[in-house]
């Protein structure tokens, strides 16, 4: 108002929002005053009931501002969510949006369908009451989409706990129902032509377990008729579009234009829709729901048959009273073929009908029109039954046998409809909406009453619209539906007669009217509007007539599915139009009804719809409803176009304005005391603020400002205002701010003028100073130029003279240089010649001496080889004799004498046979030996005769051969020299090329950083993919563990039963698992063993692969060597090799047994020394006891070996026994022999011993047979050798003397060489064995010395210092016994508390474990290493699983696991990891094992622990982030501006948000960082943890900012920037600037800056675009749309400014995503950080109770 208005003035002067003026005429009756506008703070409010002025223009304006300017399609209206269809796909339904709304209160976030779904889900869990979401609206308003998104939210949040994928099946029902129940209309391209109510069931943990669907009022008439520009149901067009597929050839389908039922609307296509692809999606959904492929094809056949039925041509006869169908009608043939019915019968009954009277039955012809109507009725009937069957199958697929704890129902039903011609369908729809509106009004009234009672406000009765009279008009006795059913029962009832009955009965009612110009229509006054219904067709649609003859033909179909569709049970119990049969509630009739086929006794459609509607209302009344009202903004389907008239009509029709009226009748505006205090504290005085109670301050202020006490009420936690009072308070607040602004402006303007005068005066003084300075500088420059001219002249003259002198001097020096060089070169040539001669002489003399030395050395070697060969043969023979001794057999059989008495006779017989065979073998060997000796002597005689004659010739040949070799050496030297020169040239060219390449690379230096950056990005992506796979693996592993626990819980029921006595005695020595009935196994231990077994198998396989590869290489080299040897030596070498192998295996077995004995001796010695330390006083007694112990030890070891062999044999017998169940039954049956089962057990033990002895005898016999076969083969080899030697002897005799000598020498040299190589290999093997034994002996010797030293030092206290000095020999290893491994793992891992080692070296458990691994590696015990590492990894996993929410424990084991990994790398012996080691640390490297595979396993485990650590930390920070970053006011001087949150279902404490502060958030981050630092976690890993947590803070805060209008303001931006700066300061205080955490919160910084910058001009647009580089275009636009000025001095962001931002940013390449992905995780990298700690200096505290570990 720009001019004061007085009552009675005819004109009201106004200024509009676009700054234009308007003179508004005002009249007392015709044109009243316009409605008052809400203040700016309430414009764009997300809850319509929060407006100060509640009237239709204010509501409409608020919706329009939100929809057009802010692009917000959702708005609250009390408990109702108003959803406006944008006709555009918005990016606000992704999974990140679901995560943002999950767990949030309904009033904390912007309005959204997900907020309503979350409220329903939360109330179901909190109140344990069923919920319903009622979605209604006109066709095209978006009901189906809203219901679909609500179900998607429930499927995501309440996903099934097992692998049934119920949520996927629930979502899969949508494409099926859309295909068979949705169609294109003039208002909507995907309009649902039926109503549905989906119940989603939940279990006690609120996971989805199943669902159920009920459908209402399918529009069957659309099957046979479509209006212009409309389509039939989508499934028909999808089948036609896919008719060319192979599986659909039998359907005989073509284009949709060729069928009558699909071409009536003359528009068979929808823009942007591919019908063929939609059919593929539908088939996938059917398969997902478990519908078989055969049933799917049956469904498609039935649908195709409907299309063919519509094309059946019915020909009228000449009389007009009858008709016929051509026998050649192709479509009728296809129809009958697809449905499997008789062609002649269907052809007949499509043109005839049967009339049944009391007297007779006869067949009547039908006219063409009647036959066409009957055909269409049959098509509708088939489709309706198929629709019901598909819904039933979907319900079967979604059904679950699990008990349902609660459910959430989603109702998607038509809104109120009114058209030019309204028929039976519109009547039913509006009747349903009347019932829903009644329930809605009562629920809103109830909630309003509860709110007043909760706040203890005096309740006054509010009158609201009650539509019960209208409902009675429709459904009461003799109402519209009753009269319609009654008229349908009349044989010749007509629509006109029914209309007349309506006029006579209801014309006097308030809600019933008769049109003036019609006698076949009536008007019903609904709650939304008056609707005129045309009576024509009501009776026919209510009867739903279809002839029984046609149905009987379908019942006789040869296809089972078609026959089942039309059974009698369906006709009687289930409606033809409604699908209420799928409900879980069974309604029984009061009296049994006889089954009849007469259609007059069937339930009408209206009656069935009324019953199903009553059932629906009962369900809704038993639940807590939530309402979604969908609004269609325009009829042209244009994106973001708002038609105010259409919107108001729909708001009235869906009850939104009624909700506002009910709210406005009382106290519509409600503010909490804290919000009111924050907003209007500017109106308070300083003395008012001195009162401590803020509630009392608010009361005093209101009583002083508002004089009428009826305008407000003080509740328990809120202040209630009448309409308009908030606007009045806003005016007072604006006046106060305006006065303060004028005062500030006055002061600032004065200050600006004074500042301007001071600037002018200062400028004048500055100009004078610069002028004078300029003149002085000019004079000084003149003096400098004069002096410079003199200096230049002097220098020029000096340069000219100096140049002439230098030229003469250079010429003289050049002449002298050339002369001296000539004389020097001549002298050099002479020296060079002398030097070359000297070199030649020296080389020749050296060659002569070396040649002489070589001949002498070769002769000595030949003699040595011959002598050594003789010794080796003797030694080998002796070793073979020892190897064949039976001493060890006697030792093995010492303890078995008593047990093998029965079998001694058989052994004696076999030993006799063995002796006879041995004697025969010895005789054969001696005879062969004598023959070989004779032949050898003859060979020596021949050699002695021929040696003297040929010696001279051999020496001459040797000299000639040496000369030839000398010539070859000279030629080779020349060739090498030429190659050297050629190589030098090539290298020169190569280095030249490298230089050119370096220059080229220098030119490309600019592109290298980009390549490095790209490679680094690819590496991070690859690492992220790997870690995501690892995360998925850990998730699946956890899921597997959970399933195992569930299986064990279901399968095993612990109880107390009798245990057989042999379980305890044989359990320790048996490999077969003992069966205990008291407790059957521990599931977790079993899982750990399985994991250990899998890991061990994996490691052994890898190790075995490497060993096989090495063995393959060795065999290859051996093969090459063997091929070079002569053929006649093969048998001898094989014999020597077998002897060596036998000797080595025997020696190894003896050494292993000796090693075991030494270990046992040492253990017994330790115990004996410890026990007798206090008793022994003299050395003699000590020696005697020591000898006694040794003797006892020797006897005990012998007995122990015997027992061990018995145990092993028993184990083999038990393992090879029959199934476990048979053994168990045997044990149980033997228990019946006597009370304790002792006789049975004794007999069973004797039987096993007998079997054992028999097996031992068989093994010995097999062994003797093997030895006998070996001897036979040896005899054959000797025979072959003898034959070869005989052949060689014959060959020698045939050779000439010269060739014979040469050949014999060559053969002898070859033989000696081979024998020498064999002896060298044997010596090397023996040396290796000797070294290993010496090492072990040294270790045991040291231990014995330590024990003796301790024993000797105890009596003398003065010797303690010398004993402690022996710790210098500590090598950083810890020894433990195998049986103590479980105790070690339990002490260091399972029972370890981080506080126990807090005062020691960080990561102490990791160091101790590695020192134990080092000792196992040192003694070369691979079993021990494998067992310890496997147990360690499994124990860590078990601890982490137990403490899956403990940050401290997870951080502790992340530090220890990574440190153990670093130790395995540091001491692996790999040079890449040894660069930073000290010499002592290099000595501690692992010697025998390569643990690279275990390093990979530990690396994967570290990644899993890191991911668990991040998950725990994010879970702790999650509830703190929003409150600390956006809601807490930690910045001094910036107060919250009082913008209120919408109240939710959760009760909030008075006093504002009691959430977390920024200090609490930073304190929690500090605790995390301190824990990681105290545990010794690598700083790099700690930095990555902080970066990930900062990313989570940024994501949650920014997502909340993008979804909350109340925090998008200038003050929030300043507060947010301050909070971010505090977090940056925290990073700097802990030296975490390089962690990359600041970069992760850059979007948050830019969002805060965006809230603070100016948003008006084009320069502001450019500044914002250049500043917000880390925000996407959608995020920038969203923040600008949400930006809300909190007082009158700020301006809203204009739509044109936002459009300019979008135009500037349209070329930006970015991810089109609104919200930040809160689940994104950076790939973790574990950099190698070696430890500077020396293992030998590590101290283990006694508090750890690791006394069983021994320092080595």
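Glycine too: its Cβ is placed from the backbone N, Cα and C atoms.
TrEMBL lists 137, 138, 139, 140, 141, 142, 143, 144 with the feature ATP binding site.
Taken through DSSP, the region 'Actin-binding' (613-635) splits into 9 helix, 8 strand, 6 coil. What TrEMBL records for 613-635 is region 'Actin-binding'.
Marked as region 'Disordered' by TrEMBL: 1054-1078 (among others).
The annotation region 'Disordered' is assigned in TrEMBL to 1119-1139 (among others).
TrEMBL lists 1430-1707 with the feature domain 'Dilute'.
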Which same-chain residues, if any, lie at least 6 apart from residue 143 (ATP binding site) yet have Cβ under 8 Å of it: 135, 136, 137, 192, 412, 413, 415, 630
Distant-in-sequence neighbours of the region 'Actin-binding' (613-635), which means Cβ under 8 A and at least six residues beyond its ends: 63, 67, 77, 79-87, 113, 116, 119-120, 123, 127, 129-138, 140-143, 146, 150, 187, 197, 214, 216, 409, 411, 415, 431-432, 435-436, 439-440, 443, 580, 583, 585, 587, 641-643, 646-647, 650-651, 654-656
Taken over the domain 'Dilute' (1430-1707), the model's mean pLDDT: 85
Which of 137, 140, 142, the listed binding-site residues, has fewest other Cβ atoms within 10 Å: 140
CB-centroid shell, 8 A cutoff, ATP site 137, 138, 139, 140, 141, 142, 143, 144, site residues removed: 85, 188, 191, 192, 415, 630, 632
Residue 144 (ATP binding site), number of other Cβ atoms within 10 Å: 23
Under 8 Å by Cβ from residue 139 (ATP binding site), counting only residues of that chain that are 6 or more apart: 185, 187, 188, 191, 192, 414, 415, 417
